[in-house]
Amino acid sequence: MNPAHHVPHLLGIEGMTEKDITPFLDLAESYALLSRSRNAPRDVLQGRTVINLFFEDSTRTRTSFELAAKRLGADVVNMTVATSSVNKGETLLDTASTLNAMHCDLLVVRHAQSGAPALLSQKVEASVVNAGDGMHEHPTQALLDGLTIRRHFGRLSGLKIAICGDIAHSRVARSDIHLLRAMGNDIHLAGPPTLLPGALGTLDGVTLHHDIDEALKDADVAMCLRVQRERMGSGLVPSAREYFSLFGLDRRRLALAKPDALVMHPGPMNRGVEIASAVADSPQSVISEQVEMGVAVRMAVLDRLSRMKNPA
Amino acid sequence: MSSILFENVRLIDPASGRDGKGSLLVEKGRIAAIDPKETSKAVRIVDGRGTVLCPGLVDMRASFGEPGAEYRESIDSGIQAAVAGGITSLALLPDTEPAIDNPALVHYIRRRGEETGLVSIHPYGALTKGCAGVEMAEIGLLKKAGAVGFTDGARAIADTKQMRNLLAYSGFLDTVIVLHPEDPSLAKGGCATASPQAVKMGLPQIPACAEAMMVARDLRLAELTGARIHFGHVSTGEALGLIAEAKKRGIRVTCDTAPPYFAMTEADIGDFRTYAKLSPPLRLEADRQAVLAGLTDGTIDAIASDHSPADADDKRLPFAQARAGGTGLVTLLGVTLQAGLPLLDALRLLTVAPARLLGLEAGTLSIGAAADLCLFNPEEEWTVTAGSLPGRAQNTPFDGQTLKGRVLRTFHHGREVFTAEGLSS
């Protein structure tokens, strides 16, 4: 959120306080209930145009945003890199002026470069929602993770949360760390040094571990992050089997966490690399619920940004 | 297993600093007592006649040809050379064919050592797959399987970013990364240290600074990542200066050298002696003096054999084409004793110091320790003769030299595994 501009954007969680975050979660919670009862209000974004501008492939996130916009009655257009003029050499800012001419209201942007949505937000008249930029932020993922946790514990504070995996290359990790810190939780990050930047250890409320067992001990939440296959052999991790042996979340390790600990994963999962199937499919897993909350959170984000831009 | 009482020996135990006349009792393969007051009658008595009894030597860097090049040296043949040199623990380099980059191969090497029952064999794991310097090996799984450290043997990692990743990754596994300090692009094709003699001989040369350059890079990366590194066979004063300075600054670094680097110089390759073609190449006299100084002042933490077997056909070639490397197991003690160090210090560099570097329970005479022992006569002379040395490989750079200090008997876990000619076993 950037209140300094008169056009409201959601570019990242960094800098947001509990007071900024909670209204999103509250609204999302109500949308979650309305979605379940098939009663989402179709008139909230009626007449508004939402463009999903995806410079990077993502079926899951794009579908989630598309569904959220449609449930609120918006006109939704998907632009993906494969079909856009970006492949023909158009710069990001040329794309921005094209979009301005189309009078789009909400622009959902996924880009492989950190900071690309922020750059776009300076040039477009629409509200920009960062749907994931490089290794920087993925704010709606953090909100949906926060909502999922809050629904289970009745609070989003004072919890021990273990985040394991490729922290270094993860925008999800950064947004989650910002949000969970802002809400007052005890965050424990685990991974090999090649995937865990030491600089994160200087943040208050964040502890780094190279032994995943320590991170998981008595944790309320065990969150796994995807370790991409291309990290293997690239010099960061020797192999999937070694990663699973040293850092994979299996039943034995999950038993170190509290008995009612939640198992979370932003997806898509690499079963047998960062998480064992037995854990991913266990009753403690809320991975499917995260997806459900994702739609609700994105409804809330689109709704609130639209209202802040056009006060009633 | 019978009990053994060593009588009339000079007991030297660098771990405790003990150096004096005494006796030592071995029971059930372990050191049971020093200067025992009473012993049972069933004990075998070894009269040392005033010779030295010290812990069996711990050689932290040796290569055999197994698997893949058994014609040069198999584990069985190499071990014969080791025990004749008073060595009871060996750390074997992983750059074999195939390289020791798989947990099953670590188990294989350990099992082969156990089968011989003559020495303790500790395998290094490959730092990169195939020791090729590209993809990281499964360091965590290899360590679980028993690898005592990680190295690509006589190959340096050229890519700086890859080196950084390897050190960062290994940093949390509490292991040591053993490095061959030589800039690979500067060393490529070279076979002798740059010197007036090498120019006259017309040999492709490697500047001595190829070592210091790599040491400087890797020290900086160790500082960046917090990894523990160890430089093998350090041979130049410039590199030793960098290492000494890094130690003062608290960087986690150690190093070893090998006997040729304090006992020989590049003058010894005269007449194109391929047995003196080593990697790194023999250096100038000033560097030899610097290595001696490093042994004295503590910059160098251990002495390793650098045993690198070659067969006759590997060496019967024009100098530049001949295989680099020399044998070093049988001569390790004798050449080290010529360096002029106090005996206690020399033996520390050959026993407890390398054992501690690799985390091995070896190299001491403490009560309860495995009875790995070396009995040697520091005054007895013998002549190194290639062709009649124990073990298969005969490519010793010390061929023809007379050494003072002869191993008489070697014991591993209380069992006599070597007896010099002319002695009764």
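Just so you know, the numbers here start at 1 and follow the chain as drawn.
Every residue, even glycine, has its Cβ placed from backbone N, Cα and C.
Computed from a predicted structure; not experimentally measured.
Residues A:Arg60, A:Thr61, A:His138, A:Gln141, A:Gly267, A:Pro268 are given by TrEMBL as carbamoyl phosphate binders; from A:Arg110, A:Arg231, A:Arg304, that same site also lists A:Arg110. In this structure the alpha carbons, written CA, of A:Arg171 (L-aspartate binding site) and A:Gln141 (carbamoyl phosphate binding site) are 9 Å apart. In the three-state DSSP assignment, the secondary structure recorded for A:Arg110 (carbamoyl phosphate binding site) is strand. The average pLDDT for the domain 'Aspartate/ornithine carbamoyltransferase Asp/Orn-binding' (A:158-303) in the predicted structure is 95.
Residues A:Arg60, A:Thr61, A:Arg110, A:His138, A:Gln141, A:Gly267, A:Pro268 are listed as the carbamoyl phosphate binders, and the farthest two of them sit 16 Å apart at their Cα atoms.
Of the recorded residues, A:His138 (carbamoyl phosphate binding site) and A:Arg226 (L-aspartate binding site) place their C-alpha atoms 14 Å from one another. Taking only the Cα positions, the spacing between A:Gln141 (carbamoyl phosphate binding site) and A:Arg226 (L-aspartate binding site) is 14 angstrom.
Apart from A:Arg60, A:Thr61, A:Arg110, A:His138, A:Gln141, A:Gly267, A:Pro268, the residues listed for carbamoyl phosphate, the same chain places the Cβ atoms of A:Ser58, A:Ser64, A:Ala131, A:Gly132, A:Val172, A:Pro266, A:Gly294 within 8 Å of the centroid of those Cβ atoms. Here the CA atom of A:Arg226 (L-aspartate binding site) lies 14 Å from the CA atom of A:Arg60 (carbamoyl phosphate binding site). According to DSSP, A:Gln141 (carbamoyl phosphate binding site) sits within a helical segment.
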